[in-house]
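Q: After the structure tokens below, expect a handful of questions from me.
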Amino acid sequence: MRQSHQLPLVGLLLFSLIPSQLCEICEVSEENYIRLKPLLNTMNQSKYTRGTSSSANVLLSLQLVGIQNQNLKQKLIQQIKYTVKTRLSQVSSGELALIILALGACRNPAENLIYDYHLIDKLENKFQAEIENMEAHNGNPLTNYYQLSLDVLALCLFNGTYSTTKVVNYFTPENKNYYFGSQFSVDTGAMAVLALTCVKRSLINGQVKTDESNLKNISIYIKSLVEKILSEKKENGLIGNTFSTGEAMQALFVSSDYYHENDWNCQQTLNTVLTEISQGAFSIPIAAAQVLPALMGKTFLDVNKNSSCVSAAGNFSNSTHEPVTVTTPGSQSSISVNYSVTINETYSANVTVPNGSVFLDVMEKAQKMNDTIFGFTMEESSWGPYITSVQGLWASNNDRTYWELLSGGIPLSQGVGSYVVHDGENLEVRWSKY
């Protein structure tokens, strides 16, 4: 535990010059709660879905919003407890941080698991391993900066031990880990804003000891990251893409003193997200869970183990039904796409698949046609399957390499298991660096 200390007068003067970060929040009105039902139905599917991140994200979302679905919550807690008891060493740092946030989001018996299994101590060790890997491998963490931000956020909220100086050294806004190639990652930046805001508040409140330059730098970092997030705002109000918008909203909620009122129309973003929900955009439990808190005016900084797990919003979940599988009418005829693998050169083939197929179906069909050229491996995740290798060439965190999915030369925001392909489309899997 870190000792509290009284701030020197010069420190107090410095703090007075830094934005207070009062929240500027818009949220779904009570009469529009019905429009969130698809999210709740999707989240209800998480009890049938494997994946620690999915279970923890859904539980955290339910706890933050105050939804009273005890049956689902208990199933999620049991899934998380099983992971903690049997495979905690295999859990990544960010997954463990999510587990801590979910179990301790509000006052409930499940939070005892955090202390019974010494989860905060274990997160401190996993976070230190991330730092050591960055020091040994040119600044590359074992996982990614989204997970590192979750680590810092959980350690900050639950009084874990971390080095403020290390945070300042590694979370500079120009760090390569915020980017995929030249593209700024909105959800990574947003999670960093939440983590840095928590650290900043701890410094201001005197809970953490540091020198004044660290506090000043953290404030500068938040401002710069917020500017980068806002620069990714689309004309329709989405920020980054559909799936990063919820976390971007959370970041902007807690940093409203770092931008002007006319820099972001929160209500426009909210309305566009509601439209996306009606069109079935958030069809994966983890995607639904990540967007719901912001729509209800909540952020991960609202995690408070002393608060109640009940809110007025809890009532609107009472009539949620079990998910129903809907078969879309239409032709079952085949379609033809052009599929390419690009490494140093491009290998292409025309692939025929049933109408309604996803990107993964195309890759599997191509692999059957020519395993040498189109052979690949994949792993399951909470977001669905992702590609780990093609032609025996493996993605690597240390080398910052991955397999990028594109259509018509444009990167896709959906995964290989969810993007539905179209007749005549030019699909590509490209060996890329980020």
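Note that Cβ sites are derived from N, Cα and C of the backbone, with glycine treated the same way.
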Q: Quick test of reading the record: TrEMBL lists a disulfide for C266. Which of C23, C26 is on the other end?
A: C26
Q: Between C198, C309, work out which one TrEMBL annotates as bonded to C106 by a disulfide.
A: C309
Q: Could you pull the disulfide partner of C198 out of C23, C156, going by TrEMBL?
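A: Disulfide mapping in TrEMBL sends C198 to C156.
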Q: Do you know the DSSP helix, strand and coil residue counts for the domain 'Transcobalamin-like C-terminal' (356-433)?
A: 15 helix, 31 strand, 32 coil
Q: Could you state the whole-number distance in Å separating the C-alpha atoms of C309 (disulfide bond) and T143 (cyanocob(III)alamin binding site)?
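A: That comes out at 31 Å between the alpha carbons.
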Q: If one looks at the chain holding C156 (disulfide bond), which residues at least 6 apart in sequence have a CB under 8 angstroms from its CB?
A: Y162, A195, C198, V199, S202
Q: Reported as an integer number of Å, what is the Cα distance between C266 (disulfide bond) and N241 (cyanocob(III)alamin binding site)?
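A: Distance between the two Cα atoms comes out at 15 Å.
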Q: Report the nearest neighbour of C106 (disulfide bond) in space among the binding-site residues Y145, Q147, Y434, comparing Cα positions.
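A: In terms of Cα distance, C106 (disulfide bond) lies closest to Q147.
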Q: Using a 10 Å cut-off, grab the number of neighbouring Cβ atoms around the Cβ of N241 (cyanocob(III)alamin binding site), all chains included.
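A: I count 17 other Cβ atoms within 10 Å of it.
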Q: How many Å lie between the Cα of Y434 (cyanocob(III)alamin binding site) and the Cα of C26 (disulfide bond)?
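A: Their Cα atoms are separated by 34 Å.
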